[in-house]
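This report refers to the structure that appears directly beneath it.
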Amino acid sequence: MKILKLTLTLLLSSLLATSFTAQAAQFEKSRLKAESSYLDASQETTTVVYENNVVYEHGQMTIHADKLIKRGEDAGTITAEGNPVKIHYVDALGETTDIEAPSINYEQKSGELAADGDIQIVQSSQQDTLTLTGNKLRANQRITDGFSFVLTGNPTRFILKQPNQTEITAVADTLRSNGKDRKTQLVGSVNLSQGSSNTSAALLTYDGATKRISADQSSDGSQQVVTEFFWQDEPQPEKTETEKALEQSSTSEGDTDKSVKESNNQSEQETSEPVETIQPEDDQ
């Protein structure tokens, strides 16, 4: 009987420990630092305001702001303001996403992030740097393993810099980025420029893994992929000393041949002139 009780006790303890471990694994935490903060008791929802050199950390994301307002218990919602607000995110591969915006709203529980105004996003890896600009951002760092977002603008701009490559620039109506497969898509009125070529398409995809850019026509075929190339004739380079000497030599030979030819022609003319014959006079 004692053995049975001991067995049941150990089994129950094991189940409780397993349950506690599973619950603990689901916990998330965020961290806030600032020079000052205060509780705004005038609000129905619990509201805490943090000011001056605010740093917010949640998972792989860090937010730097001048002012941050947290509403709600536990997770809640945060609103950050700054000049600008700066967001730094590091993915599993060590590649970074840096966002600058006038203000952002972030739902801690769902991972949804929203920003409006002048927005700049810089994504960096060991191989390249991608800069994106727009005026409306909707993002999430929980949907996939990476940082995913949709950026729109008037237009949305795309600038890609790679080692030993000409800079690539593009504009489009909307830009979508999926952190999981590391692909960035430009959609609607896409125009891409690199060096002396321009490409227009309905859809353009940049694969961050393969470093390949592909363009596609619209689904109904009304907008095909069109590339135009531009160039201009380059001025003739200055002749080398050898070329100048050869040219002078050729000119001298030509002048000599011309003189000889003229001399021969003159001799032929003299030879061909009739010789006047003097007839003797008859004696009277």
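Glycine is treated like the rest: Cβ placed from N, Cα and C.
Annotation comment: TrEMBL describes 236-246 as compositional bias 'Basic and acidic residues'. Among the features that TrEMBL reports, domain 'Organic solvent tolerance-like N-terminal' is placed at 99-211. According to TrEMBL, the feature region 'Disordered' maps to 230-284. Residues or ranges marked as signal peptide by TrEMBL: 1-24.
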Residue counts (helix, strand, coil, in that order) that DSSP gives for the domain 'Organic solvent tolerance-like N-terminal' (99-211)
0 helix, 82 strand, 31 coil
Tally of helix, strand and coil residues over the compositional bias 'Basic and acidic residues' (236-246) according to DSSP?
6 helix, 0 strand, 5 coil
Model confidence over the domain 'Organic solvent tolerance-like N-terminal' (99-211), averaged pLDDT
90
